[in-house]
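Asker: Quick one: the structure is below, questions incoming.
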Amino acid sequence: MSPQTETKASVGFKAGVKDYKLTYYTPQYKPLDTDILAAFRVTPQPGVPSEEAGAAVAAESSTGTWTTVWTDGLTSLDRYKGRCYHIDPVPGEENQYICYVAYPLDLFEEGSVTNMFTSIVGNVFGFKALRALRLEDLRVPISYIKTFQGPPHGIQVERDKLNKYGRPLLGCTIKPKLGLSAKNYGRAVYECLRGGLDFTKDDENVNSQPFMRWRDRFLFCAEALFKSQAETGEIKGHYLNATAGTCEEMMKRAVFARELGAPIVMHDYLTGGFTANTTLAHYCRDNGLLLHIHRAMHAVIDMQKNHGMQFRVLAKALRLSGGDHIHAGTVVGKLEGERDITLGFVDLLRDDHTEIDPDRGIYFTQSWVSTPGVLPVASGGIHVWHMPALTEIFGDDSVLQFGGGTLGHPWGNAPGAVANRVALEACVQARNEGRDLAREGATIIREASKWSPELAAACEVWKEIKFEFPAVDILDKKKS
């Protein structure tokens with residue numbers, strides 16, 4: 001029997017308090033293929049050894065509590081306990097460590113992100129022995145992944161539904177986000193889609209407020225959708241936000257969207273909750289709806305480098321819970337996002353397999369087997385001058401979403417959409433011809449603007465607009 005296992009049957013029950021590391025720090029342990037692995041950034045309180053801090057995280061997120069209990073003797077701790085099996089000091093930090101914890105698969109309910117997070121990032125984040133705690137990454141085993149449906153459709157199915165290939169998709173968030181009547185809202189949707197966009201979008205906090213009830217919005221948006229499709233000959237979509245105060249109300253809205261013939265609905269997966277999101281994702285697959293996911297509230301969780309949860313974990317959780325798109329930052333826009341870190345979780349969203357990559361903040365090799373990929377959405381403070389960089393950074397399998405960068409055009413909404421479509425087509429053509437978007441991007445946009453007055457006007461309006469603030473969440477310094 002392992003020396004870490006003390007049960008009533010083996011040694012007799014002894015009341016009292018003992019160090020966590022005596023039971024939960026097991027450096028000799030070799031993780032199993034079926035274990036869920038977690039990498040925590042741990043900042044212990046002064047005087048708390050790293051081994052004790054790592055063991056405390058493993059204990060409090062699995063079977064442990066602050067004192068020995070006699071009911072330990074009624075089960076096998078060796079089978080169910082989490083184990084801190086490796087600790088690395090963080091380079092450049094005096095008292096900070098990456099603690100690796102392995103969790104037996106039996107600790108988690110099948111197909112439930114809610115249960116997985118309740119255990120791994122539950123009460124342990126308020127533990128007094130730690131000054132700060134951050135979950136940097138998870139390795140989800142194939143055996144657990146296969147208990148989830150995942151995204152309703154995935155990248156290839158979405159492209160087939162839309163009949164659009166070889167370029168990023170273009171979107172626009174309708175602004176002002178609050179205050180428009182349903183009819184005026186639908187008018188903006190129509191103008192943007194007619195101008196050349198693939199999608200328009202409800203903002204995350206557009207639900208069913210007194211100035212615009214959800215049913216009215218859905219009806220006017222559906223009218224705009226079908227009218228623009230008839231005029232352009234292209235398949236169009238509007239992300240109808242089904243997020244609501246109850247799961248029942250959320251599902252009622254999704255059902256109505258399907259009855260209208262809408263191709264896509266939307267959900268705020270963090271504020272709405274993983275249980276609601278998984279429920280909606282299952283409905284979307286069964287009924288042919290695409291599912292756009294907004295990450296409202298994510299920065300409360302992931303923006304600080306030392307405490308909370310890195311977005312790559314939330315991205316993996318979304319791929320399990322289900323969504324066809326998710327907002328992933330822009331690198332170049334107004335929202336937080338360091339380039340290498342962003343590309344790391346973009347790979348986790350889209351690829352079937354990712355390897356450990358410290359340069360992108362990826363701590364574990366992750367296989368997704370047959371789970372469909374998710375399209376990353378770049379949105380927030382972007383405009384036509386950003387198009388070359390966005391095309392180069394995110395590639396074809398992405399959605400580039402311009403809200404103010406469409407609706408702020410001096411000539412109106414439709415010309416704003418035209419400007420973005422022309423800029424995108426110019427960048428894709430230049431890339432396909434072998435030109436360097438990173439080096440020649442501005443030249444490519446200027447050349448295209450010579451034969452597009454809409455693009456020329458947009459270039460003039462936003463030529464001085466930049467958001468050059470350093471990212472808060474950056475990669476650790478490399479060891480010398």
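Glycine residues also receive a Cβ, built from the backbone N, Cα and C atoms like all the rest.
Feature list, courtesy of Swiss-Prot:
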ACT_SITE  Lys175  active site, proton acceptor
ACT_SITE  His294  active site, proton acceptor
BINDING   Lys201, Asp203, Glu204  Mg(2+) binding site
MOD_RES   Pro3  N-acetylproline
MOD_RES   Lys14  N6,N6,N6-trimethyllysine
MOD_RES   Lys201  N6-carboxylysine
SITE      Lys334  site 'Transition state stabilizer'
Asker: Going by C-alpha distance, which of the recorded positions Lys14, Lys175, His294 is nearest to Glu204 (Mg(2+) binding site)?
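Answerer: So, spelling it out, the nearest of the recorded positions is His294.
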Asker: Residues with Cβ closer than 8 Å to the Cβ of Lys201 (Mg(2+) binding site), same chain and 6+ apart in sequence?
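Answerer: Once residues fewer than 6 apart are set aside, Lys201 (Mg(2+) binding site) is near Gly171, Cys172, Thr173, Ile174, His238, Tyr239, Met266, His292, Gln401, Gly403.
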Asker: Identify which of the recorded positions Lys14, Lys175, His294 has its Cβ surrounded by the largest number of other Cβ atoms within 10 Å, counting every protein chain shown.
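Answerer: Counting every other Cβ within 10 Å of each candidate, the maximum falls on His294.
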Asker: Using Cβ atoms only, which residues of the same chain lie under 8 Å from Asp203 (Mg(2+) binding site) while being at least 6 residues apart in sequence?
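Answerer: Thr173, Ile174, Lys175, Lys177, Leu178, Asn241, Gly403 - these are the non-local Cβ neighbours of Asp203 (Mg(2+) binding site), listed in sequence order.
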Asker: Inside 10 Å of the Cβ of Glu204 (Mg(2+) binding site), count up the other Cβ atoms and send me the figure.
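Answerer: Total other Cβ atoms inside 10 Å, all chains included: 20.
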Asker: Apart from Lys201, Asp203, Glu204, which residues in this chain have a Cβ no more than 8 Å from the mean position of the Cβ atoms of those residues at the Mg(2+) site?
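Answerer: The surrounding set, listed in chain order, is Thr173, Ile174, Lys177, Asp202, Asn205, Val206, Tyr239, Asn241, Met266, His294.
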Asker: How long is the line from the C-alpha of His294 (active site, proton acceptor) to the C-alpha of the residue listed as 'N6,N6,N6-trimethyllysine', rounded to the nearest angstrom?
Answerer: 50
